[in-house]
Every structure is written in structure tokens, then in C-alpha cells.
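Okay, structure first, notes after.
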Amino acid sequence: MAKFIFITGGVVSGLGKGITAASLGRLIKSRGYRVTALKFDPYLNVDPGTMSPIQHGEVFVTEDGGECDLDVGHYERFMDVNMGKGNNVTTGKIYSSVIAKERRGDYLGGTVQVIPHITNEIKSHIRRVAEDSDADVILVEIGGTVGDIEGQPFLEAIRQFKNEVPSKDDVLFIHVTLVPYIAASGELKTKPTQHSVRELRSIGIQPDVIVCRSDREIPKDLREKIALFCDVPPEAVIPNEDLGSLYEVPLAMEKEGLAEIVCRRLGLDSRTPDLAEWEALVQRAKHPEREVEIALVGKYVALEDAYLSVVESLNHAGIHNNARVRIHWVDSEKLENGITPEALEACLGRADGILVPGGFGYRGIEGKINAIRYAREKGIPFFGICMGMQSAVIEAARNLLGLSKANSTEFVTDCKDPVIDMMAQQKQVTDLGGTMRLGAFPCRLKPGSKAHAAYGTEVVHERHRHRFEVNNAYLERLEAVGLKAVGVWPEGNLVEVVEMEGHPWFVGVQFHPEFKSRPNRPHPLFRDFIKAALEYRAGKK
């Protein structure tokens, strides 16, 4: 029988429940157990695919094409386990399933209600993930904060779930809460935690472990106070103070004994964790030998979480290259409207590498094109992802081929030279949600290319999220001016990778390599991009 760990949050949102779940998953896996994770999001959207990145952060794409919450990315990176569509479920998805069953007559004319029908659907999904994953331990994160109206069905479902498992030792509840510091009085306050736990207990859930987030060390006497008022053992009050890196969190939690408490409470054999690789990783991250600066040119830079996996992939590559990656955030809109060469130089001149990530819509696109031209002409390492690659194609068409009206039909439907066009199979699609080219597809790389050298193999599988592609009608002319197609989808001759001939490192990819990077196994393209940026930096001195 699998074991289930339910993780809830209190006081405020954004405390790091996902990092807590991911870190604990890593610690349990390091003891030789199979783990997986499931995130419940209480919003009514069926998935985050159509949500604004500025509101929600990035959409993480799984191998099977699931458009998921960014916490699923944390799960994959920390646990080094591929997740799928089923590992992120929203209220919208639960209600859609229940309503579809009602329309089919599955409820035999019964009155469909939140209890038991919605809660049963939630519990059914938890069991399905357990069966499909064959994991020993399933970590289930409940999004939002205890007390939110939207989250009530999920909390009720997990309360019921505990009463339905064969043994009470099969379920454990962890509550992540805030212990704020009040500067005026110079004190850490436990009252918000007490009230949050009281709210949780009022619906029938008694936490077994309380993880206390704070910006500083929590003294022993305050931990004992929380234990007393919240009815948990003192050792089950786990401090989780701010650290220099996310990757330090598993080691900090191991030091506090979280995994041992969890294993003991769930009746799992105590095993010695194998964290040597993770410890070495953290040490390299804390003591880099050099620095490199990357200009990240995007339209969603107001919220850094919109590019979370890109940032983490840069960090992974930096760790591998013994370098601290400093990101210079550049709003692509500020590079538009006839920006002068001097202003462009002032904005991008200090960069050792320029990265243009994915995105949608025309806003900011001209600024991205200006940044790409700057990288191409100055010989600065460039990495374009999804729209970043498409922007590189438009830049080459305009400034090397002389097609001044070159554009994407995403922005100008009747443009004179549509060097980027909608994929044929997308032209009849009307709904936006879940209809893009999603998930992992093969790509065949050309030997001798930088991409082939990075991967060390001819066929790779990468994750996608797009509707538009390079228009092959322009490919021969683009290649004639130096923009080479060095990677294609074998089944449809779709251009997946382009490189600029004669440039030190200029690579654009249609896929999203950031979704497959791991702290201990950086993505080959990010690894080589940072290496090229370091070489460029060394050459400037």
C-alpha cells in the first residue's frame, strides 16, 4: 500500500509548499523509495495553459503534453522524476469530469453535489495517480491557503481520504505556515500559525508536521510554543528559514530531521539517505570560480516566475561550468520605438550572452528582433527558445535577405513575407485551451552542428508548446545567407533548430529545453550556451 503525504498552507500564499513537497520528495527518494507528486490547484481554469504568465507564472509542459503549474517543474527538478498531465489537477478539471459523468447519466438521476460527488472525484484522482505511478510515497500539495473558499472541497476530500485508507499510518499531514518578524517590536510571532492550524483542525485535519517559514532563525522556545498550541511533538515543528538557494532546502530539512519524522510516522523503514551528489551540487553552487552575465530579453519580465524554468536551467548550467550566472532582465518593449544604437549598447553591451525565451503575441516582438540583431552583429552568444527562435528567423529575413516586411502570421495575418506561419494542422483549431502542439517530439540533428555537438547524439526528444513554425518556402533562401536548419522533426520536416553560420554560438530552438534540465544534469544546450558566454567574457578582457 502506498503512503500519502498531504501538504497544505496557511496564513499567506507563496510560502513555498511546492519547494517543501519537492525537497521532501528528494529526501525520501534518497532513501531508496519511489516517489511522485500531485498538485491540486483550486482555480476554475481547466489548466493554466491560457492564463497570463504575469498572473500565474510559467506554464510547465510535461513529456505527455500536460500544461501544468510551475510547481510541477520543481517536482521534476528536485525528484528527478518525469511527471504527466495527471500530476496537476484544477477545480475546473474536477468539475468538468463530474459534469461530463452527470450528462452521461453515470449518477443514475441522483442530485449531484460537492459532497460526495466532487470530493469523490478528487479522491479518485489521488488513487489513480498512485496506481499509475506505482510509487511508494505520493506527495499531494493543496494549492492556496487554508480558509480559501475555493480550497474547501479539496480539504474535505483529504480529510475523508484518511478515514478510508487501510491504516492511519498510510497518511500524514504537513502544514506549511508563516512565522513573521515584526520589526517594530523585534519579535517573531507565532499567533498566525496558531490561528492557521486552528482553522485546519476545525475542518477535521490535525497536522502531523508543521513547517514554519521565516526570514530568520526560529528560537527553540518559539518552536516549543508552536508545538504546545498546535498539538504536535516539538521535533515535528520544522523551521524553514530563507536560504541562498532553493537547492539548499533539502539539506536544511534533512538536518532538521523532517524525512526521519515522516518515515517513522508512516511506518517506513529508516534508511541512510544518499545525498552526496546533492551536497556536492550545493557546494559548487555556493562557491563558483567565476561569473557570467546573461541578458534575458522578454515581455513578461515584471514577474520572474514567468521564466522560472529558464532561470533554473541557466543556474544548472552555471553550476556545471563553475560560474555564477547573473541575469540582466530586459523588457523587450523598451528596445522598441526606434531605439538608438547607443541606447541598445547601453542596455545590452555588458551582456556575455543574450537569451530570448518563449512568449505569445506581438507586444515586445520588435524589441526581441533588435536584441537578436545586436547579438548576431556583435558576435555575442545567442540562445533563442520557441518565439525566440522564430524572432531570429524574422531578423535574418529582414536584415540579411532584405525582406523588410518579413513577419509571422501570428502578428500580421496577411503579411507579405510570412517566414513564420501557422502549422497546417492548427489552422482549423478554434479553442485555445490544450490545442497547441504539446509534449515531447523527436528532432533529428545535423552532424557537425553546435546542437549535435552539445547533445552528442543525432536524435533527441524535446518538449514543445507552439502553433507556429518556420515557413519552409523561405528555408533555402535563409540558409543561403547563413541561417542553417540543423534540426528537423523527422515526420513532418518541421524546422526545430537553426544556427547562424560563422557566429561563435547562435542557436535557436522551436522546443523548450528548459523543461528537461536538472540541477545535477544541466540541459546540453544551456550548458554549452553558458560555456560560450564564459569564453566570450574571457575574450573581452
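Cβ from N, Cα, C; glycine included.
What you are looking at is a predicted structure, and each value in this text was computed from that prediction instead of being measured.
What Swiss-Prot records for CYS386 is active site, nucleophile. Taken from Swiss-Prot, the feature active site covers HIS512, GLU514. Per Swiss-Prot, UTP binding site is recorded for SER13, LYS189, THR190, LYS191, PRO192, THR193, GLN194, LYS225, and the stated evidence type is sequence analysis. What Swiss-Prot lists as CTP binding site is SER13, ASP148, ILE149, GLU150, LYS189, THR190, LYS191, PRO192, THR193, GLN194, LYS225, and the listing cites sequence analysis. Feature annotation from Swiss-Prot assigns ATP binding site to GLY14, LEU15, GLY16, LYS17, GLY18, ILE19, ASP71; the stated evidence is sequence analysis. Marked as region 'Amidoligase domain' by Swiss-Prot: 1-268.
THR190 (UTP binding site) counts 21 other C-beta atoms within 10 Å of its own C-beta, drawing on all protein chains shown. Cα-Cα distances to CYS386 (active site, nucleophile) place HIS512 within 10 Å, out of the recorded positions GLY16, ILE19, HIS512. A helical conformation is recorded for GLU514 (active site) in the three-state DSSP classification. Same-chain neighbours of the ATP site beyond GLY14, LEU15, GLY16, LYS17, GLY18, ILE19, ASP71, judged by a C-beta within 8 angstroms of the site's C-beta center, are, in sequence order, GLY9, THR20, ALA21, HIS74, GLU141, VAL176. The closest partner of ILE149 (CTP binding site) among the binding-site residues, by CA position, is SER13; the full candidate set was SER13, GLY14, ILE19, ASP71, PRO192. Residue annotation for ATP gives GLY14, LEU15, GLY16, LYS17, GLY18, ILE19, ASP71. The furthest Cα pair among them is separated by 12 Å.
Taking the Cα of HIS512 (active site) as the reference point, the closest of the binding-site residues LEU15, LYS189, THR193 is LEU15. The Cβ of GLN194 (UTP binding site) lies under 8 Å from the Cβ of ILE226, PHE229, CYS230, each on the same chain and at least six residues away in sequence.
When the Cα atoms are compared, GLY16 (ATP binding site) and THR190 (UTP binding site) turn out to be 18 Å apart. Between the CA atoms of SER13 (UTP binding site) and ILE19 (ATP binding site) there is a gap of 13 Å. Residues within less than 8 Å, Cβ to Cβ, of THR193 (UTP binding site) and separated from it by at least 6 positions along the same chain comprise GLY10, VAL11, THR177, LEU178, VAL179, ILE210, CYS212, ILE226, CYS230.
If you take every residue in the region 'Amidoligase domain' (1-268) and average the pLDDT, you get 95. Residue annotation for CTP gives SER13, ASP148, ILE149, GLU150, LYS189, THR190, LYS191, PRO192, THR193, GLN194, LYS225. The furthest Cα pair among them is separated by 31 Å. Cα of GLU514 (active site) to Cα of ILE19 (ATP binding site): a span of 18 Å. With respect to PRO192 (UTP binding site), the closest of these binding-site residues in Cα terms is GLY14, chosen from GLY14, GLY18, ASP71.
The binding-site residues examined here are GLY16, PRO192; by Cβ neighbour count within 10 Å, the least packed of them is PRO192.
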